[in-house]
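Student: A single structure is presented below for examination.
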2 protein chains.
Amino acid sequence: MGYRVAVVGATGAVGREILKTLQEREFPVDEIVALASPRSTGREVSFGDRTLKVQNLETFDFTGWDVALFSPGASVSAIHAPRAAKAGCIVIDNTSHFRMEPDVPLVVPEVNPNDLKKAKRGIVANPNCSTIQMVVVLKPLHDLFTVKRVVVSTYQAVSGAGKDGMDELFTQTKGTFVNDPPKIEQFQKQIAFNCIPQIDRFMDDGATKEEWKMAVETKKILDPEISVMATCVRVPVFIGHSEAVAVEFEEPVDLKKAREVLREAEGVILLDERDDGGYVTPIDCVGEDATYVSRLRIDPTVPNGLAFWCVADNLRKGAALNAVQIAETMIALDLLPNRN
Amino acid sequence: MGYRVAVVGATGAVGREILKTLQEREFPVDEIVALASPRSTGREVSFGDRTLKVQNLETFDFTGWDVALFSPGASVSAIHAPRAAKAGCIVIDNTSHFRMEPDVPLVVPEVNPNDLKKAKRGIVANPNCSTIQMVVVLKPLHDLFTVKRVVVSTYQAVSGAGKDGMDELFTQTKGTFVNDPPKIEQFQKQIAFNCIPQIDRFMDDGATKEEWKMAVETKKILDPEISVMATCVRVPVFIGHSEAVAVEFEEPVDLKKAREVLREAEGVILLDERDDGGYVTPIDCVGEDATYVSRLRIDPTVPNGLAFWCVADNLRKGAALNAVQIAETMIALDLLPNRN
């Protein structure tokens, strides 16, 4: 007995990855529908061997559907996620729109699965990609030594800006070989062979919204006592976000224990040889489910300091996979009613 | 009345930039010689309108030459820098070989010019590129609020690994458009569309030597009380190192004062609009002399915290320009005898 599943924003980079992930993980699907804006209606997307014709989100009736995985723009979710929830369909929303609302759980299944029980409005939010991979690694360390403060610098792939972001890196890069001046549309400056220290818009305090998200989402998911200082940077990488993380803990840090607990941790793979090439890079992680940890070392410049480098496929664990894992966890916790 | 100047390692990326910088800044040159390993002897390099035939370093007699700007491999400097100094020629060495020796000053002219007076052995060391741009920005802030601890993540260009590094990024990138498998030679993993968290070799404590250099060189140049936690990462950028820096100060931080002092600081340009694109990226800095500071903001996660993003042309301020500025400063301080 499976579920009636809707995928919203099915033609985007994350929407397609959600369809792929549902199929690969053999999510119990009875019926599936691909939805998108009127502009994309009638287009086709793949679900395993099948081809789904994309239907119009705006006129779609969610009555009788069990779960909807939303990954359109934030303004689209703002309108249609509550509409789906009101029709009795559980919404797992990948946009930033509902994340900080107190009655919407913000969940990474390896970190705070039980928050799913608080989804009173029928909406669960999927955290920001750069937050997810960091908290997956911080969680087991927090249990051991209690995280106090995190300083993180990100190296974020262009696919975080969707298919258009990937196309822009591709086109600009190709252009440099034929002397085409770069066309700048998705990002604020040229991204080919460059680094851009801005993701999302600027806030009043000089941080960007992406940096603010990492701080407030970590508090909501892991512990409100943790403070996060983030600098978020777009780099010319197609897929795979990397993060250089320096953590200060309450309690004395034991490197051997930290290694052990990361080796055991769900969703984490420790690959750390302290030798040429003995670490993970974004290209190594494309299509992988785990968050990889390398460069784990004591930070001697502060009491109880530990630093690491982590990398994950931002389209999978950073988005599609985490959303599907939320649905799976809701089934396991008996929170996803099956009306069949 | 000018100087007799030798440029050692003249065929490399930094050597060529030194020749260009000497010419552009109208360094008082009476006679100039380009030197390199026997392998490169006979090749030609440009100095303004002139063409210099490269001579053999191994058999070159430095007697009667006033100053030598060295930029070969560290093992070459180890042999030939002391030989030149013994012949009475002041050596400004761009390699890491002498940097931490107590009787060799390690100098960034905007930061510690007076250390040049301690060059008893006739050798002055040019710091590591990633250190130079950071201490140029830290110096005026240190004078104001006293730096205690720095957490820095770098985004370092491939030209830090010389011309071969640039060629490898170019070839690998081009290869992805024609499905050529990447050839990996200069870096430990593919650098095209990737980030590599290793620069230089690994040390016993899990840090890389590049990270260690940033820590010990900052102490030697600026203040032994400052502790630096660095993560150094190679990114697919041709020229221009970027750094995300979070600083903790002894004294309370005033953002307005910090802005003012950086606006006045020698060698620093503050470009910080807190708006889309209102900051500097590596591509903006190619061929520029200044270190650019953007994203200056209070770090609210720690007492007296301030964060910024800085970018500089690693071949210029990070290497050639700083070396030439050292020579200029030695002239100004009457430390470079002119034997004509």
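Quick reminder: no glycine exception, Cβ is built from N, Cα and C everywhere.
Where the annotation comes from TrEMBL, it is an automatic prediction and has not been curated.
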Student: Which of A:Asn304, A:Asn314, A:Asn322 shares the NADP(+) site with A:Thr11, A:Gly12, A:Ala13, A:Val14, A:Arg39, A:Ser40, A:Ser159, A:Gly160, A:Pro181 per TrEMBL?
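Tutor: Among the candidates, TrEMBL records only A:Asn314 at this NADP(+) site.
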Student: Determine, to the nearest whole angstrom, how far the Cα atom of A:Ala13 (NADP(+) binding site) is from the Cα atom of A:Cys129 (active site, acyl-thioester intermediate).
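Tutor: One finds 13 Å between the Cα atoms of these residues.
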Student: For the binding-site residues listed here (A:Arg39, A:Arg99, A:Arg234), which one has the lowest count of neighbouring CB atoms within 10 Å of its own CB?
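Tutor: Fewest other Cβ atoms within 10 Å, among the binding-site residues A:Arg39, A:Arg99, A:Arg234, is found for A:Arg39.
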Student: Can you break down the domain 'Semialdehyde dehydrogenase NAD-binding' (A:4-119) into helix, strand and coil residue counts using DSSP?
Tutor: 37 helix, 32 strand, 47 coil
Student: Which of the recorded positions listed here (A:Arg39, A:Arg99, A:Pro181, A:His241) have a Cα atom within 10 Å of the Cα of A:Arg234 (substrate binding site)?
Tutor: A:His241
Student: State the three-class DSSP label for A:Ser159 (NADP(+) binding site), counting H, G and I as helix, E and B as strand, and everything else as coil.
Tutor: helix
Student: Validating a neighbour-count step here. Other CB atoms within 10 A of the CB of A:Ala13 (NADP(+) binding site): how many?
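Tutor: Excluding its own Cβ, A:Ala13 (NADP(+) binding site) sees 22 Cβ atoms within 10 Å.
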Student: Measuring CB to CB from A:Thr11 (NADP(+) binding site), give everything in the same chain under 8 Å that is also at least six residues away in sequence.
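Tutor: Spatial neighbours, sequence-distant, of A:Thr11 (NADP(+) binding site): A:Ala34, A:Ala36, A:Ser40, A:Arg43, A:Val45, A:Val54.
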Student: Between A:Arg99 (phosphate binding site) and A:Pro181 (NADP(+) binding site), what C-alpha distance do you get in Å?
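Tutor: Cα to Cα, A:Arg99 (phosphate binding site) and A:Pro181 (NADP(+) binding site) are separated by 39 Å.
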Student: Measuring CB to CB from A:Ser159 (NADP(+) binding site), give everything in the same chain under 8 Å that is also at least six residues away in sequence.
Tutor: A:Ala13, A:Gly165, A:Met166, A:Phe238, A:Ile239, A:Asn314, A:Leu315
